[in-house]
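> Handing you this structure, nothing more for now.
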Amino acid sequence: MVLAPLLLGLLLLPALWSGGTAEKWEETELDQLFSGPLPGRLPVNHRPFSAPHSSRDQLPPPQTGRSHPAHTAAPQVTSTASKLLPPVAFNHTIGHIVLSEHKNVKFNCSINIPNTYQETAGISWWKDGKELLGAHHSITQFYPDEEGVSIIALFSIASVQRSDNGSYFCKMKVNNREIVSDPIYVEVQGLPYFIKQPESVNVTRNTAFNLTCQAVGPPEPVNIFWVQNSSRVNEKPERSPSVLTVPGLTETAVFSCEAHNDKGLTVSKGVHINIKVIPSPPTEVHILNSTAHSILVSWVPGFDGYSPLQNCSIQVKEADRLSNGSVMVFNTSASPHLYEIQQLQALANYSIAVSCRNEIGWSAVSPWILASTTEGAPSVAPLNITVFLNESNNILDIRWTKPPIKRQDGELVGYRISHVWESAGTYKELSEEVSQNGSWAQIPVQIHNATCTVRIAAITKGGIGPFSEPVNIIIPEHSKVDYAPSSTPAPGNTDSMFIILGCFCGFILIGLILCISLALRRRVQETKFGGAFSEEDSQLVVNYRAKKSFCRRAIELTLQSLGVSEELQNKLEDVVIDRNLLVLGKVLGEGEFGSVMEGNLKQEDGTSQKVAVKTMKLDNFSQREIEEFLSEAACMKDFNHPNVIRLLGVCIELSSQGIPKPMVILPFMKYGDLHTFLLYSRLNTGPKYIHLQTLLKFMMDIAQGMEYLSNRNFLHRDLAARNCMLRDDMTVCVADFGLSKKIYSGDYYRQGRIAKMPVKWIAIESLADRVYTSKSDVWAFGVTMWEITTRGMTPYPGVQNHEMYDYLLHGHRLKQPEDCLDELYDIMYSCWSADPLDRPTFSVLRLQLEKLSESLPDAQDKESIIYINTQLLESCEGIANGPSLTGLDMNIDPDSIIASCTPGAAVSVVTAEVHENNLREERYILNGGNEEWEDVSSTPFAAVTPEKDGVLPEDRLTKNGVSWSHHSTLPLGSPSPDELLFVDDSLEDSEVLM
């Protein structure tokens, strides 16, 4: 022990002898720079040096004011002495940090450098072998004292993400030697994260297919459950990644997967597995252009049946009654959606329809449309052309036969005669046009002792047809010439006189038949009325025509002819409109029992109003059906609200069997029903973007209309988007009161007989005992809001009508649509309370929607709107369907934070502080130095009592500031809410300090 200092002194003696002055300067400079105690014994007024992180940071510069005459010798002393200085190393780090996403974390590394070291660079931070640049993550603090300087580099990460996982460590250079700290492993844990979700596919019926789902932690492992139509497919979980093999489906289904780990569960998006079917028939078949022998047709393909269209066929048949009904079929590719039909007859009528096919089969044909070809030039020349010379008049007589009617391709307007005269040294070509009235012409002789060549062509408005074969005749100087032979003899027509005579006799026979039939009809009329009126009496008859009748008795007789009740007659007697004032147009839409037609209603001032006419489709309708049809009109008679469709009148006409048939006249709605409008905006070839403010306005319009009806004690009982109409100004009107009822006593109506009802819009109590109240309409209004938000989607996809009651009874409700605000979903969800008394009134709903609309910004373009897709209730990250989490929490007194900076410290003291705001927190594991800190004490849960709605506070989940209950969102077979674990969803900060 005594020899060691002596040997060390002998080794240092040469260096001290040669560089004593420089060494003294070095010690003086360091004493001045790092004067004061170490952090373990810092004075009260001591303040450390702080500097942001930089890979080029140097130690603080020495203080000025002292001279150092031996400055030039310092490098030699340092270079010689550095080989004998003790090694410098970083203190032990925390080692391993485990925390949840979105928390704040801080950690550090520290080092003690004696005054004997002079060439020291700053501390740099590295992650996974790459240097972290930038000064916003770390701060370096210096603590100088008499013996040296202690350096602490702090590193912080705000709201950690999974990308922050990795190994962090410090680096610095001391006397050109690189020193590396122990690594600090940061592990960010959270709910499972999907890296591959199931994808929607279109499959053939009863054909197997696969779905893949893959999610990762940490923490691992991640288990996968598959869900089909809200029911689990596999009872035992599968390790991620998981591949589900479905043997085959017969109907459309919705699949999703649940990823579970120790932090909770995450639910993937639901994907639709569609069954391929035959396509729908094409629509909007139009004629783009037509010529004499071709027609250009276009169409819009129908729904492809979840399989690409392969080709289409155009079916063409003649529309003339005399045609044989044969159909010509032209096949073409599915795209482009147009085809030119050729080889058609000119000036003919055709019926055209289109059908398309996919891999499953052919669609039904589209509705037949009528098309016509235009007039064309004749396709053949006139026949039987003869030419002879009339020598007395010095003219040529030319005769011919008209082309066949089917080959004329139009209406003949005349003929063009071309005659060429040739003689020795003379050539003359002339042409003349004659009318179509005759089939002969005369032309003067132009040249004698010459040859004349004659050709004739027929003319229509479509053009000039081909010329006939030439007919030559020789014109002598003074001699008689017989007529030239026929140029184009008609086959089978050797004698045209017989044909003309036959046609003449036929016309005479037809005329005789018409005369006889008229005489017989007149005789029958005279026999029918007999001699009731003599010629003298008939002069005393006054003929008049009533312009309009206001006789109440006449109206009663008209309504009585329908056989309806007297009460209904009294309700409708003042709204019956004369049939002559109504002009019907095209059919706008058809249902199972009726149709809606476009019409024009003449007003008293001579103008006309465009209206919609609702008729009964069937001719063999029963008396009860007529009563129900007119009862709907009676319901609307007294309505006067801008958001409720009003009745314009009732009209009666005779059906094809001579039976009176009622028609209800309503205002014309330009945009049709709301459901079709929303559906086309989402599924059309060019989707129309609808602002959220517009959707809210639709809901407010319906709420105002239903508020008006409920205040008048009317139950609609069939409120849905399909029964709401859109006016020209985009105002929604509540319509279709076929199931409406007036409540005269009490506040409910019980349905007596069984009728067709919209099951997916009916409240749960109405499904159970067929009792309807205004709160039943509130339930349907919530479903209608869901339809509007999803832009026309069908409620409860994958759930059959006969399953609806059990589905609702187990607490299931419509899920929150994508891009739906939480506040909006709150409003619609309140409409589906199991207890009707807990549902809001339409007045409250209107006020809530108006308040929500006022809080939203003005409508913007689609590109500038950002939607935040919140998680669905069933997949909320606050629910964990797995084993209980281990109650290991790091809960250390913040006053015990100690920075161990003394160079002689044998063990680095590691302390951690975790700020907790939630009693239910996940586990933290922190390893520091040679000690492992574990606080196994868990905070007990406070006693809770049910709230006023019977739901315990722990059964509620706060998401985006809104409280949700699990009772109405858990799938069938799930554990009770008391068995569910709540995964931490807070954003409280947590920091770990060395």
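In case you wondered, yes, glycine gets a Cβ from its N, Cα and C as well.
Marked as domain 'Fibronectin type-III 1' by Swiss-Prot: 281-376. The N-linked glycosylation site annotation in Swiss-Prot covers Asn91, Asn108, Asn165, Asn202, Asn210, Asn289, Asn311, Asn324, Asn331, Asn384, Asn390, Asn449 (among others) and rests on sequence analysis. The phosphotyrosine annotation in Swiss-Prot covers Tyr744, Tyr748, Tyr749, Tyr867. Residues or ranges marked as transmembrane segment in Swiss-Prot: 498-518.
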> Specify the nearest of the glycosylation sites Asn202, Asn311, Asn331, Asn390, Asn449 to Asn165 (N-linked glycosylation site), where nearness means the distance between Cα atoms.
Asn202
> On the 0 to 100 pLDDT scale, where does the domain 'Fibronectin type-III 1' (281-376) sit on average?
91
> How big is the gap, in Å, between the Cα of Asn449 (N-linked glycosylation site) and that of Asn390 (N-linked glycosylation site), rounded to a whole number?
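Roughly 15 Å, rounded to the nearest whole number.
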> Which of the glycosylation sites Asn210, Asn289, Asn324, Asn384, Asn390 has its Cα closest in space to the Cα of Asn311 (N-linked glycosylation site)?
Asn289
> Which residues does Asn289 (N-linked glycosylation site) neighbour through Cβ under 8 Å, counting only same-chain ones at least six apart?
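Long-range Cβ contacts: Ile295, Leu296.
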> How long is the line from the C-alpha of Asn384 (N-linked glycosylation site) to the C-alpha of Asn331 (N-linked glycosylation site), rounded to the nearest angstrom?
42
> Using the structure shown, find which entry in Asn91, Asn202, Asn311, Asn324 (the glycosylation sites) has the sparsest Cβ neighbourhood within 10 Å.
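Result for the glycosylation sites Asn91, Asn202, Asn311, Asn324: minimum number of other Cβ atoms within 10 Å at Asn324.
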> Between Asn91 (N-linked glycosylation site) and Asn202 (N-linked glycosylation site), how many Å separate their Cα atoms?
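Their Cα atoms are separated by 61 Å.
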